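What follows is one structure encoded as structure tokens, with my remarks underneath.
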Amino acid sequence: MFSKHPLPRTSCFYSTTPPTSSSPHKPESLLVKKCIFLLQNCGSSKLKLRQIHAFSIRNGVPLNDPDIGKHLIYSLVSLSAPMSYPHNIFSCIRSSNVFTWNTMIRGYAESESPEPALQLYRQMRASCIQPDTHTYPFLLKAVAKLADVRIGEIVHSTVIRNGYDSLAFVQNSLLHMYAACGLVDSAHKAFELMSERDIVAWNSVINGFALNGKPNEALTLFREMGLEGVKPDGYTVLSLLSACAELGALALGRRVHIYMVKVGLTDNLHVNNALLDFYAKCGSIREARKVFDEMKERNAVSWSSLIVGLAVNGFGEEALELFKEMETEELVPSEVTFIGVLYACSHCGMVDEGFSYFKRMKEKYGIVPKIEHHGCIVDLLSRAGLVKEAYQYIRNMPLQPNAVIWRTLLGACAMHGHLTLGEYARAQVLKLEPGYSGDYVLLSNLYASEQRWSDVHVLRRKMLSDGVQKIPGYSLVEFGNHVYEFLMGDRSHPQSDQIYAMLAEITKRLRLEGYAPHTENVLADIEEEEKENALSYHSEKIAVAFMLLKTAPGTPIRIVKNLRICADCHLAIKLTSKVFEREIIVRDQSRFHHFRDGFCSCGDYW
């Protein structure tokens with residue numbers, strides 16, 4: 001059904017005949033019963049399990065017997081033993097029943113290599129063993145791990161034909177499979193057709209929405225869950241925090257935090273790590289630090305999450321100090337930890353220190369650098385203005401540079417005015433990811449800053465002829481239990497007249513502070529006044545105006561933007577933070593910007 005290559009039947013690695021010892025031995029049936037009793041009571045000890053197996057071999061127990069074999073396999077799979085061990089036993093059993101087949105499928109589904117589970121299912125059908133209610137949940141778990149939706153749909157149709165589609169645990173497995181394959185709408189459709197939904201079903205779809213870039217849908221489904229009287233559990237909280245982090249919905253996430261305290265989830269390490277990560281991704285690094293300090297138990301993930309959170313929020317020195325504390329605690333840093341450390345060095349302009357940490361990562365901790373670590377080094381050099389050195393580093397990298405690496409160099413070229421190298425970097429990106437509009441925009445900005453309008457027009461025509469659509473910029477803000485989305489020039493909000501009046505007031509007051517629109521990178525050869533108008537209605541400026549209109553003086557403003565913030569908006573929001581005495585936190589495509597008193601945490605590099 002799924003593979004033309006069945007699993008090999010390996011030779012037995014134990015005796016199936018009685019030993020030749022002269023000592024009398026017990027009747028076979030009593031030995032079998034004794035071994036089964038020992039297997040059922042060996043607990044979670046792999047050593048005891050091996051001892052029982054050895055005892056069976058020494059005493060001539062026929063382990064090719066289906067009854068003893070199934071108990072041994074079940075115990076091995078339950079203890080997450082390497083699958084080669086139970087597979088060897090399975091290969092020697094005379095005639096396995098459906099329970100043993102299911103146990104083997106389950107074992108592979110829960111392993112790091114789930115592919116054999118599909119092959120076993122094919123062999124099972126070829127052996128005329130009829131699947132039962134437990135077969136398909138295990139099989140669908142394997143499909144979910146492989147993220148192979150084609151096979152998943154075949155299994156789904158088989159489930160329907162065999163009449164198992166009405167069983168709750170089969171339905172839950174289908175939901176999880178579709179969500180894991182990225183078809184969360186299919187998961188939701190199957191969810192809607194369910195007559196009864198337990199907490200597992202709700203969690204599967206909420207988590208599917210959260211992980212597949214649909215946080216609003218995740219939160220909407222959570223509200224429906226509450227209306228139906230289903231109480232959330234720890235898994236629900238993890239998905240909710242992920243959705244809130246994606247949207248920058250700090251207030252809603254805080255309510256989730258209160259719920260955690262109310263139901264006693266604050267001692268759950270995984271939930272606390274998710275909460276810490278949520279606060280960091282919402283730009284509320286003080287609250288992230290508070291969660292970290294109050295955790296009764298911390299692991300390497302806890303430390304890494306805060307180190308990365310501090311680094312991306314612009315607190316590079318604090319991130320490096322925390323890393324030193326982590327080493328003092330003798331915790332082993334992970335690959336993710338060093339991404340935070342290298343990013344912190346990049347933000348602080350600590351080039352030599354960054355290379356020193358990179359070396360320590362390899363030599364002291366034995367971590368082989370991945371493409372993300374090399375990307376941090378390229379960013380480190382680029383931020384320091386060492387653009388040519390960054391290019392040489394890319395050329396000498398042991399890994400093939402990906403589009404992100406070349407895009408980092410392209411951004412550095414746009415920032416520091418390296419036109420020739422920028423054109424080369426953009427050509428490399430074009431080979432790897434030809435359809436991404438942001439790369440055209442970066443190069444257009446570079447041409448525009450040099451007043452090379454003919455090149456801008458050629459590039460824009462090329463963009464149109466290649467069918468590349470510019471991704472619409474949007475900004476998200478949270479207010480009054482809602483997340484509002486604004487587009488460039490957006491007038492869809494009921495209070496748009498008041499918002500645009502506030503926008504005009506902001507511009508007026510900024511000009512008194514010396515603000516002049518940064519029109520160099522407007523992608524058109526048009527009159528200066530038209531450029532200024534085009535800049536005035538960027539989505540982040542509309543979002544700032546809305547929040548100034550709706551929130552009390554002194555209230556921090558948090559904005560999530562899907563694209564990189566432009567030079568003019570960066571300048572305008574810096575001044576707005578000073579003139580209106582507000583802290584404004586913007587999370588854009590590349591990093592956090594904490595604007596306060598006319599300064600930005602990024603050091604004006606983005």
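Cβ from N, Cα, C; glycine included.
Since the structure is predicted, the reported quantities are computational estimates derived from the model, not experimental observations.
Here is what TrEMBL says about this protein:
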type	residues	note
DOMAIN	514-606	domain 'DYW'
REPEAT	97-131	repeat 'PPR'
REPEAT	198-232	repeat 'PPR'
REPEAT	268-298	repeat 'PPR'
REPEAT	299-333	repeat 'PPR'
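On the 0 to 100 pLDDT scale, the model's mean across the repeat 'PPR' (268-298) is 94. The DSSP breakdown of the repeat 'PPR' (299-333), given as helix, strand and coil counts, is 26 helix, 0 strand, 9 coil. Within its own chain, the repeat 'PPR' (268-298) is flanked in space by residues 234, 237-238, 241-242, 244-246, 248-250, 253, 256-257, 260, 305-306, 308-310, 312-313, 315, 558, 585, 587, 592, 594, which lie at least six positions past its ends and keep a Cβ under 8 Å from the stretch.
Across the repeat 'PPR' (268-298), DSSP assigns 23 helix, 0 strand, 8 coil.
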